[in-house]
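J.: In case it's useful when we look at the structure, here is the feature table from Swiss-Prot:
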DISULFID  93-165  disulfide bond
DISULFID  109-149  disulfide bond
DISULFID  138-163  disulfide bond
DISULFID  195-259  disulfide bond
DISULFID  239-249  disulfide bond
DISULFID  318-379  disulfide bond
DISULFID  412-475  disulfide bond
DISULFID  425-485  disulfide bond
DISULFID  525-589  disulfide bond
DISULFID  538-599  disulfide bond
DISULFID  569-579  disulfide bond
DISULFID  821-850  disulfide bond
DOMAIN    170-271  domain 'SRCR 1'
DOMAIN    280-381  domain 'SRCR 2'
DOMAIN    387-487  domain 'SRCR 3'
CARBOHYD  26  N-linked glycosylation site
CARBOHYD  683  N-linked glycosylation site
C-alpha cells in the first residue's frame, strides 16, 4: 500500500484505529455551520417554549474542487432502487415523507448531481443511482438507516448533515373535530403556520390527502390573534391539488411583514362521517401534565395496558390532550393502579397520529393484563432546566440534553462521574443508570449548555449539581454525555461495588483509573495490572470492545489516596469490586505507579510505504490531532500527535537502550537529527537503534517499533568543536522505502523549501521530545509551543557563534522560559503551514543552559540544507 493510498484509506474510515483524522485535514477548510446557520428569512412570530427555526438561505456557488470536511456515513452495501420520480424508498425518509430536502438544522439540501466529486470518492456501486439525479431529497445511499444530504455553507464549502424526516408533517389545530382546523406545518423542529394569501381548495385538498382525511378539502381562514406566538413559514402556496405532500407544492418562504387580513390557512376535510376520538384523561399524577392514562368508552372509564407502550404512544396522548413539552411513557402502574376495565392493549403508535384511535392496537376490551400494568404518561412543560435523553431507542437512553432559553442543548463529559449519572436517571424516574458510549447515538447539532458538572449523588434534580455557567465550555459534540438508565431489578443494578471513572485521557474511553471509596476519589496501584483488569474496568463503564492496561502513571499521576493494590481479575468479573482481594488503602506504591486503561482499543498496525511521488502530498499530517485545548499551552503531548517524532537510542547488552537524542522521520527509511549526537559514541551503526511510534518510554505499545541503523551521514562541514552544520541523516535498516511501517502514529514530516524563511510562512511552532521538564526527564513525550525570533536576538546574544545556517527560537519573558531543553538534542522544531501540514524547520542544536533569561535556543536551519538532504536521501 502506498502512503497516498494509506492516507486515503484513513480519510474514508477504512482503518478503525484512526480517530479524528477528518477534523485534522479539513477543519480549516470546511466547518459545519450547525452552530451558526447562515442568515436567511425572518420569522416574526415564534413560540416562547420552542426552538426558533434556524435561518437558512440558498447555498452559495460550489467550490471548484470541494472536499468533504468529515467522513461520510459509514459505507454499507445496499442495492439502490432506480427511478426518476422520487417515491418512498427504504433508503430515504419513510413512506409518506420521502420529499424532505432540508437538514435537521434547516439548511437546504444540494442536488445530488451538483456534488459528483464527493460521489467519485466512494465505491461506485454504492452511489451509482444517485449520479446525475437532479432532485435534492434526503436519502441514505449507504444503507445507514438515517437519511442525509449535502448542503453548502455560507463560505461556499460543502458539508453533509442528517435530515429530519418529520419536516413537512402537517396537523390541524383548534377545530371542533379532527377534520378541521388551522393548518400547522412541522419544520426545523418547530410547528408553525401558513399565511392564508392565495390559499384555496386545491391547497386544502393536499393537506387533507396528506392527513388521510379524504381527497377533498375546503379552504378556510383563522385569525392569527387566536393562535398566540407561532412562526409563519410559507405564503402564496400554489398546489395543483394532486400532490401527495405540501412540500411538493410551489410556495414562497415567508419573508416577514404583515399577512393579508392577518389570517392563517385552515381547512375542513370532506369526510361527512369520521371516527369519533375517545375521551382521555390523566389520573393519579401530581399535576395535570402527568398520570395514568384512562379512556372513556362504552359509558365507562378504563385503563390501557403497558404492553409495547413507549414514548411514541405518549406523544400521541399528549397531543390529543393539547399538552406540549416532553412526552414520556411510564409502565407498571407508575401512577398507581386504576379501577374498572382494561380498555386497550398492544398500542403501537408511530408518534404522528392525532389520536390514539388512529394507532394500531388491540380490539376494545381485548387484553391479557392486570392493573399492575396500567400505562401512564407525562407531558412535561418545557421550562429551563428540564432534561431528557435523546437519540436512543426510548426515553431511557440517549444523549443527555438540557432545555434552556427555548433550545435543547447537550452536556460536556469533562469530569463526568457515575454519581452524575445516578442523579440524572433518578430525576427521569429510573433507579439505576450508566454512562453510555457516545458513538451509540448521533451527535447533536445544537448548543453545548453545561460543562464540568459535579454531583454528590444526593441531589434530587440535575441542576442542583455544581457546574459552569450556562453556555461556558471548551468541548465539542464528540464529548456529549450519553446515558442508559434502567428501571431497577437485580439485572439492571449499576451499583456494582465502587463508582469508577477515567481521568486525563485524550477521550472518555481512556485514562487513569480512579475509584470512589469512603467519599473520596483515589487511584489504583499498577502492581500486577493486566489487560484482564482493564477489561473489567471497561465493562463496568459500559464499553464492549478490546481493553488495554497501562501502567507507570501513563496518563499522569493522580492525587489523593491510593485506594487499591494488587488487583487480580480473571477478565470475566462484572465489576472491579469482584477483583479486590487486599484491604482498601493497603499498598506499597506511589502515584508514579497509577494504573490506567484504554477501552474500545483497536490497535492494528497499518503498513504502508512512502515513495517519492506521494511523499510531498501527504507528509506532515497529524492524523490523531484532537481537542485544541489539550495542545495549546500543554506539556504532555497527544499520543500519536507527533507521528514523525522518533528517538535515537544507544544500544546496550540488556536490550533496553538509553535515549540519546531526538530525531525526525522524513520517509520510511530516513531520519533527520543533529550531528553532535554522534560526537561521544562515534558513528558506528552497530551502536545505535531508532525507535518510532514511541510515547511512554517505559511502556511498549502496538505502534512502537525499534529499527537498526544501516548508515549514518554527518554533514561534511561539521566539526565537533563548533556548532555550525550541526545536522545528520540516519538510514534505517530495511529494503528500499520499506523500513518503518506507517500508521496513524508513524508518519513523515514535511521538508521546507530551499532557503524558505519560516518567519514569513510558518505559525504555531512546537518543539517535542522527552527532554528536561524542570524536575527530571520525562517518561512521556513532551511538547512546548515556542515562538520564532528574529535572528538579531541570537546575533546579539551569541555574537560570532550564530550563523546564517541557524534559527533562533524561544520565549524571552521571565515567566515563560521555554527553549530547546524541553525538547531533545536532534529533535524537531515543527511549524504549521497554512493548510495544516507540519514542516520541520529546525533541528535542536545548542543554547546557554536551560531556560536562562535572554538566552533563546538555537536550531539548525533545515531549509539551508534541503539540497544536501535530497541528494543523500533521493527524496
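Using the three backbone atoms N, Cα and C, a Cβ is placed for every residue, glycine included.
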J.: Based on Cα distances to residue 249 (disulfide bond), point out the closest of the disulfide-bonded residues 138, 259, 525, 538.
T.: 138
J.: Of 163, 239, 259, 579, which of the disulfide-bonded residues has the most Cβ neighbours inside 10 Å?
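T.: In terms of Cβ crowding, the pick is 163.
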J.: Rank aside, I only need the closest one: which of the disulfide-bonded residues 109, 259, 485, 589 has its C-alpha nearest to that of residue 138 (disulfide bond)?
T.: 109
J.: If you count other Cβ atoms within 10 Å of each one's Cβ, which of the disulfide-bonded residues 412, 485 has the most?
T.: 485
J.: In the domain 'SRCR 3' (387-487), how many residues does DSSP put in helix, strand and coil?
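T.: With helix first, then strand, then coil, the domain 'SRCR 3' (387-487) has 19 helix, 34 strand, 48 coil.
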J.: Return the average pLDDT for the domain 'SRCR 3' (387-487) as a whole number.
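T.: Mean per-residue confidence for the domain 'SRCR 3' (387-487): 85 out of 100.
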J.: Looking only at DSSP and grouping its letters into three states, which state does residue 165 (disulfide bond) belong to?
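T.: The three-state answer is coil.
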J.: Any idea what the Cα distance is from residue 569 (disulfide bond) over to residue 318 (disulfide bond), rounded to a whole Å?
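T.: Distance (Cα to Cα, whole Å): 49 Å.
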J.: If I take the Cα of residue 683 (N-linked glycosylation site) as reference, which of the disulfide-bonded residues 165, 318, 425 has the closest Cα?
T.: 425
J.: Kindly report the helix/strand/coil residue split of the domain 'SRCR 1' (170-271) according to DSSP, in that order.
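T.: Once the DSSP states are binned, the domain 'SRCR 1' (170-271) shows 19 helix, 44 strand, 39 coil.
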J.: Out of these disulfide-bonded residues, 149, 425, 475, which one has the fewest other C-beta atoms within 10 Å of its own C-beta?
T.: 475
